[in-house]
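Look at TrEMBL and you will find Lys64 tagged as active site, proton donor. Feature annotation from TrEMBL assigns substrate binding site to Asp13, Lys35, 62-71, Thr126, Arg187, Gln196, 216-217. Residues annotated as domain 'Orotidine 5'-phosphate decarboxylase' in TrEMBL: 7-232.
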Amino acid sequence: MTHTHNPVYCALDTTDTAEAVRLAKMLIGHVGGLKVGLEYYCANGTDGFKRIAETGMPIFLDLKFHDIPNTVAGAIRAVAPLGPKILTIHTQGGPEMMRRAADTAAEQAEKHGLTKPWVVGVTILTSLDDSDLKAIGVADKVADQVARLAALGASSGLDGMVCSPLEIALARRATHKDFKLVVPGIRPAGSAVGDQKRVMTPKEALTAGADVLVIGRPITQAKDPQEAANLIAASLL
Ligand SMILES: O=C(O)c1cc(=O)[nH]c(=O)n1[C@@H]1O[C@H](COP(=O)(O)O)[C@@H](O)[C@H]1O
């Protein structure tokens, strides 16, 4: 399976550059892309990003920007030249912030001769439940708030959103057929769930309508990460 058709992005959640580069090289051609998040990026910055990008794999830069529109636009200008395939922002930053983020990503891609990254929105983090929303003054249930923020993201120019496997159907209903659904909380049958609460297998999530499957530990902590990635890819056929 070539990586252009493999929907799996492996999350490299470590601060250790050598370990991330070792895993990234090992996974070339076995996953569709790699995810670099706050942990790796805060420790290693743009040079660390470039070390991973040298693999030639598409990269999901998951920094979940959440600030005023001008600052988020500035952050996107700063990372756009790195050429990530996917960028994340928080939908709770509101419509103007999302619009500026989408417009800035498009402008910068054109300026640098790069493919425009997908700007995808985080709605309600999977670590929050209804009682957490109540604590921050949101009376609605998680599902209603996810649907509201998803629709707002789609109407504010985002390319897609991050959602849990159990939110795929709801997210699709609230948006449109081309909205990219980037889905963590994926566990191959028989692998440890760890701290993820609501999980599906890769095949179930793909069938439900996920566009990208974000998978970390089931690959990175496997005895043989390459074999684990191959088994996941095979399970999707
Ligand atoms: O934005 C994310 O990628 C994300 C959002 C979310 O709500 N839940 C979630 O687990 N993630 C990320 O998805 C990855 C899942 O990793 P594993 O649980 O090891 O497969 C981690 O990098 C998480 O930070």
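All positions are counted from 1 along the displayed chain.
Here the Cβ of each residue, glycine as well, is placed from N, Cα and C on the backbone.
Just so you know, TrEMBL annotations never went through curation; they're auto-generated.
A quick note: this is a predicted structure, and the numbers were derived from the prediction, not measured.
All features noted in TrEMBL, drawn onto the structure.
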residue : record                 : DSSP class
Asp13   : substrate binding site : coil
Leu63   : substrate binding site : strand
Pro69   : substrate binding site : helix
Thr126  : substrate binding site : coil
Gly216  : substrate binding site : coil
Quiz item: Got a sec? Which of Leu63, His66, Pro69, the binding-site residues, have CB under 6 Å of any ligand 1 atom?
Solution: none
Self-check item: Sequence-distant neighbours of His66 (substrate binding site) in its chain (C-beta under 8 A, six or more apart)
Solution: Val72, Ile89, His90, Gln92, Gly93
Quiz item: Does anything in the same chain, at least 6 positions from Lys64 (active site, proton donor), have a Cβ under 8 Å from its Cβ, and if so what?
Solution: Leu38, Thr88, Ile89, His90, Val122
Quiz item: Around Leu63 (substrate binding site), how many other C-beta atoms are within 10 angstroms of its C-beta?
Solution: 17
Quiz item: What is the Cβ neighbour count of Asp13 (substrate binding site) at a 10 Å cut-off, with all protein chains included?
Solution: 16
